[in-house]
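Okay, structure first, notes after.
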Amino acid sequence: MAFIPSCVLGFSSHGLPTSSFNESFIRLFGNDHVIFLDDERKSVQISLDQSSGSGFASQLTYLYSYFSASIKLPGNYTAGVVVSYYTSNADEYTTNHDEIDFEFLGNTGGKPWTLQTNLYGNGSTGRGREERYTLWFDPTQDFHSYSILWTGTWIVYYVDDVPVRVVQKIDAMGGDFPSKAMNLFATVWDGSSWATGGGQNKVDYKYAPFIAKYSSFVLYGCSANPAREDQSAAETCGNATDLNSFNGLTTERKGKMEKFRIEHLIYSYCNDRSRYPTPLPECNLRGKSR
């Protein structure tokens with residue numbers, strides 16, 4: 001059972017069950033690179049080499065949910081490698097998709113991974129909302145949890161039990177806030193064109209395979225794939241209707257997030273005047289993406 005403190009999330013989250021791969025996921029691509037690490041298929045590794053990247057996706061789509069996984073990243077030289085854990089509906093909505101991202105950007109030998117968060121709503125890919133951070137631990141040495149809380153008005157990104165970013169929906173964002181049902185994905189792929197040093201440092205396949213390991217899956221939310229058309233929200237959401245009780249971080253959690261951001265934030269679109277001379281609307285004091 002996964003324990004996510006209710007004081008972190010703002011809804012009753014004690015004892016959320018973890019899920020096995022077979023219960024919740026399917027292989028997406030690079031099938032022979034998706035390897036189970038235990039008999040119960042609760043842990044899985046995906047890898048990138050010169051022949052292929054790989055990934056998996058949730059069997060169901062979800063509307064407003066809490067997703068979590070423990071992830072261990074590949075070590076040594078990983079420039080150009082992108083490991084991801086994200087939600088998207090790009091296959092269904094090819095021109096107006098939604099997305100909520102954790103992306104891990106590799107680096108040259110001896111340098112740390114960079115964590116990037118981003119989101120799109122209604123195909124707003126021309127208005128990227130990227131933030132990048134260092135981490136206070138080595139993500140290649142052990143598993144750490146990365147979680148997304150997504151409601152109709154809030155998105156919160158967590159690393160272990162620390163909120164690292166909060167986005168609150170405001171009217172001025174229009175359709176840029178993700179609002180359509182999405183699948184959950186995990187992938188590893190070659191991002192040589194942009195991921196490290198703006199594309200200056202490419203993937204070097206002599207260090208392959210690049211292996212990312214995933215475990216402790218939590219998919220807690222409202223399924224958009226009801227078994228019957230007449231199923232109620234209570235039947236498709238189970239107890240996940242308590243997600244709607246979230247109304248922002250507690251004072252204690254805000255303090256932890258601010259400390260993280262002071263020490264580890266290295267880029268925010270809200271501060272990038274060369275890209276956005278007029279900041280996007282949620283960057284103002286009343287609706288700031290924190």
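Numbers run from 1 along the shown chain.
Every residue gets a Cβ built from N, Cα and C, even glycine.
Per TrEMBL, the features are as follows:
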type	residues	note
DOMAIN	1-214	domain 'GH16'
ACT_SITE	GLU99	active site, nucleophile
ACT_SITE	GLU103	active site, proton donor
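The average pLDDT for the domain 'GH16' (1-214) in the predicted structure is 93. Residues within less than 8 Å, Cβ to Cβ, of the residue listed as 'active site, nucleophile' and separated from it by at least 6 positions along the same chain comprise TYR86, THR87, SER88, ASN89, ALA90, ASN118, LEU119, TYR120, PRO178, MET182.
GLU103 (active site, proton donor) is surrounded by 19 other CB atoms, counting those within 10 A of its CB over all protein chains shown.
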